[in-house]
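Take a look at the structure below.
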Amino acid sequence: MEYQFVLNENFTTSILWRERPGLAIPYVVIIGSAAVIGTFGNLLVIAALALMSQRRQRGVGNIFVLNLALSDLVVTALINPFSITGAVKGTSFFRDNLGLCRGLASVCVISCVVSLLTIGHIAVNRYVYICHHSKYSKIYSKGRCVVACMTSWLIGVAIDLPSHLGWSQHGFDNKSHKCIFDRKFKYAYTAFFCIVGIMLPLVVIIIFYLKIFIHMSAAKIKLDKYAHLGTHKIFFKTLRQARMMFVTFVAFSFCWSRYVFVLLLDKDDTYPLEAHLLTSMIAHIHASLNFVIYGLHNKTFREAYRIIMVEKIAWCCQNCKPELKENPGDATSISTCCDDITSPIFEDQHFHEGLCHCFQSDSRSLPCKEKCDDAVTDTKTLTPLSPLYSQNHINGFLANCQSTPRTLPVAEPLTAKSAKEMDTSSI
């Protein structure tokens, strides 16, 4: 169905830029900064995930983190720069580029929906991993995670599709100064987008995180009497994983809730320009925040960021490229046994790989040796909260080391079924 691209003819240039420079200039500076920082940050996340994969620090959960970074990158690298164009040039530019504006509007809707759905996938992933770990490997595989991410994009397309079929339409919004679906064309679609596309997923995500923290609280009470045995270390590692992704969800909710409420409540288009402009700006800034959250809450991401940026600076300065040492005794390497064992993220596959490295190495440094020994001690007191609670798992993995490992307390070898159930999630 062919539809009209509705424009207010009174807005031949950006009235915001001509008559409200005190509002327009800060807006352009903020959105421009968010575009530059966010694009750099999301590319940094993608590079960090690639580095983790190369260093064998990967898990199926990282597929969701990658999908979130890609959807955010679309906003920071494409949508935000054209938001600046809208603030400076206004309607006149997009009247001459109708196809561009329609395309930007579709991409904006789809990428924002995908971001939220991916955050939802992460919430469910963490819920299954923490609360129903025995079923985790049966539910989550690399292929299924990829399919889930692709489904998120298809759902985003489905939510945007009505704008191409006559229920709504795309256009340049004179208050938010963005190419987006026409909120005034049919209020029913605006309500559909806000409720089905944003609010309903937010409620579902809240429910899953509540279940996670209720489960963790109950587990902590049970672990208190074993505090002297070191079980709290594993518990708090698991808690930090869930908390990092919960902060990502809170950031999305904080940034988008105001914009959604403005869209829902301003049915008659009576709210001032500032309400739409500022709330939409905050919503789009969200795409620039996740890489900061990962760096603040995740030691492995921080280390990956450091390595990537140091290498880049060294390359730009034509200096020698810093080497990533493979020596298991080197506590500075991202993939050493010490990091594998102490990382709050890699508690499964890489924990065991780290043990193998430690027990195989004849030249371990004293700090690394102590951490390896501490790790073995800790594994004797793990609870079912962690997938590593079984001493059989550890002995089974050590039995598969290429060289003969040190002998641990006698236990039955790891079965094929239990090995298959080991989690490699990194988030």
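Using N, Cα and C of the backbone, Cβ positions are placed for all residues, glycine too.
The domain 'G-protein coupled receptors family 1 profile' annotation in TrEMBL covers 41-294. Per TrEMBL, transmembrane segment is recorded for 24-51, 63-84, 104-124, 145-167, 187-210, 244-265, 277-296.
Of the candidate ranges 24-51, 104-124, 187-210, 24-51 has the most C-beta pairs within less than 8 angstroms of the transmembrane segment (277-296). Residues 61, 64-65, 67-68, 71-72, 74-75, 78-79, 82, 148-149, 152-153, 155-157, 159-160, 163-164, 170-171, 178-181, 193, 197-198, 201-202, 204-205, 208-209, 212, 245, 248-249, 252, 256, 283, 286-287, 427 of the same chain lie 6+ residues outside the transmembrane segment (104-124) yet bring a C-beta within less than 8 angstroms of a C-beta in it.
Taking Cβ pairs closer than 8 Å, the transmembrane segment (244-265) reaches residues 68, 112, 115-116, 119, 122-123, 126, 183, 190-191, 193-194, 198-199, 202, 205, 209, 212, 271, 275-276, 279-280, 282-283, 285-286, 289-290, 293-294, 297-298, 427 in its own chain, all 6 or more past its ends.
Summarising model confidence by region, the domain 'G-protein coupled receptors family 1 profile' (41-294) averages a pLDDT of 87.
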